[in-house]
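*Asks:* Copied straight from Swiss-Prot:
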| type | residues | note |
| --- | --- | --- |
| BINDING | I87, E88, S89, H224, E225 | substrate binding site |
| BINDING | S89, K90, R253, G254 | NADPH binding site |
| ACT_SITE | C185 | active site, thioimide intermediate |
| REGION | 255-278 | region 'Disordered' |
| COMPBIAS | 261-278 | compositional bias 'Polar residues' |
Amino acid sequence: MSTLRVLHEKSELGKTTVYPKEYTPHLLLPIPRDLNRKTLNVNVSEPPPFYGYDLWNAYELSWLNEKGKPFAARGEFIIPATSSHLIESKSFKLYLNSFNNERFADAAAVSQTMKRDLSKRVNESVTVNFILHETEIPVAYSPKGSLLDVLDIAIDTYSPDPNLLSTSQETVTETLYSHLLKSNCPVTGQPDWGSIEIHYTGPKIDHAQLLKYIISYRNHEEFHEACVERFFMDILRHCRPQELTVQARYTRRGGLDINPYRSTNPTFSVQNHRSFRQ
């Protein structure tokens, strides 16, 4: 069954939204990661050829204490890339809204409930953190590499084409980034805007061709997580780096932003540095 068919049958995407009035964990819609990975010719009977996570920031998160007083926080959810499923975004939004009128003893009780529900849906332990005070919010992050967007290019390809990628014989270690990433929701067609950062060691990637490849996603319809995995696999296969990390930070929609990270390095650390567009 295709990802689109699963979503059309089960998701609230593209439908009139009815917001829950009480805690409703069954709203969460898990989507098998294998559905997309098969299209990338990834052997789904083995562990994926990368490590990483999907980091979600939730900006519209609230609940009641036992006296009925509302509390608010920013939520941070870290779902391992090795989990069997991802969570469909609108179902996640509705699930979080189901906490709005629910009473809890404290923030820890809320986060523990969310951790239990999410971990059950994706079949792996999910990390849940709450940012409760302004002093905990990180400052905007600027990548330390080369910005590709300053390059003057001509392009008329707006669907992913890995054949655009090319390398030279020189071996380098460098970080490249772009704010021109755009793809689209595969169900609603809504645009997904983001920034992408690529760090690698290997044959030097032609910068102009890499920018063209990034822009080629402009009319592509695929989820955030799937786009980043497609980036990773295309660069890995066509450019053959010894080390590779690809991460994207998408702008928010419906009070959520999604930030997938994929790497050949198994000893990565989770970094939640918000971009200036977030």
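Every residue gets a Cβ built from N, Cα and C, even glycine.
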*Asks:* Which bits of the chain, at least 6 residues beyond where the compositional bias 'Polar residues' (261-278) starts or stops, bring a Cβ under 8 A of a Cβ in it?
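*Replies:* Residues packing against the compositional bias 'Polar residues' (261-278) from afar: 49-55, 57, 76, 78, 81, 127, 138, 140-142, 179, 193, 195, 228-229, 231-232, 236, 241, 243-247, 249, 251-252.
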*Asks:* Round to the nearest Å and give the CA-to-CA distance linking C185 (active site, thioimide intermediate) with H224 (substrate binding site).
*Replies:* 8
*Asks:* Of K90, R253, G254, which binding-site residues come within 10 Å of E225 (substrate binding site), going by C-alpha to C-alpha distance?
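*Replies:* Candidates kept after distance check: none.
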*Asks:* Where the record says I87, E88, S89, H224, E225 bind substrate, what is the longest distance in Å from one Cα to another among those residues?
*Replies:* 11
*Asks:* Can you grab the distance from R253 (NADPH binding site) over to I87 (substrate binding site)? Cα atoms, rounded to a whole Å.
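*Replies:* The separation of the Cα atoms works out to 15 Å.
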*Asks:* What Cα-Cα separation, expressed in whole Å, is found between G254 (NADPH binding site) and S89 (substrate binding site)?
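*Replies:* So the alpha carbons of G254 (NADPH binding site) and S89 (substrate binding site) sit roughly 9 Å from each other.
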*Asks:* Can you grab the distance from K90 (NADPH binding site) over to H224 (substrate binding site)? Cα atoms, rounded to a whole Å.
*Replies:* 13
*Asks:* If you skip the near sequence neighbours and keep only those at least six away, which residues in the chain come within under 8 angstroms of I87 (substrate binding site), Cβ to Cβ?
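*Replies:* Non-local contacts for I87 (substrate binding site): L28, L29, P30, I31, I79, L118, R121, V122.
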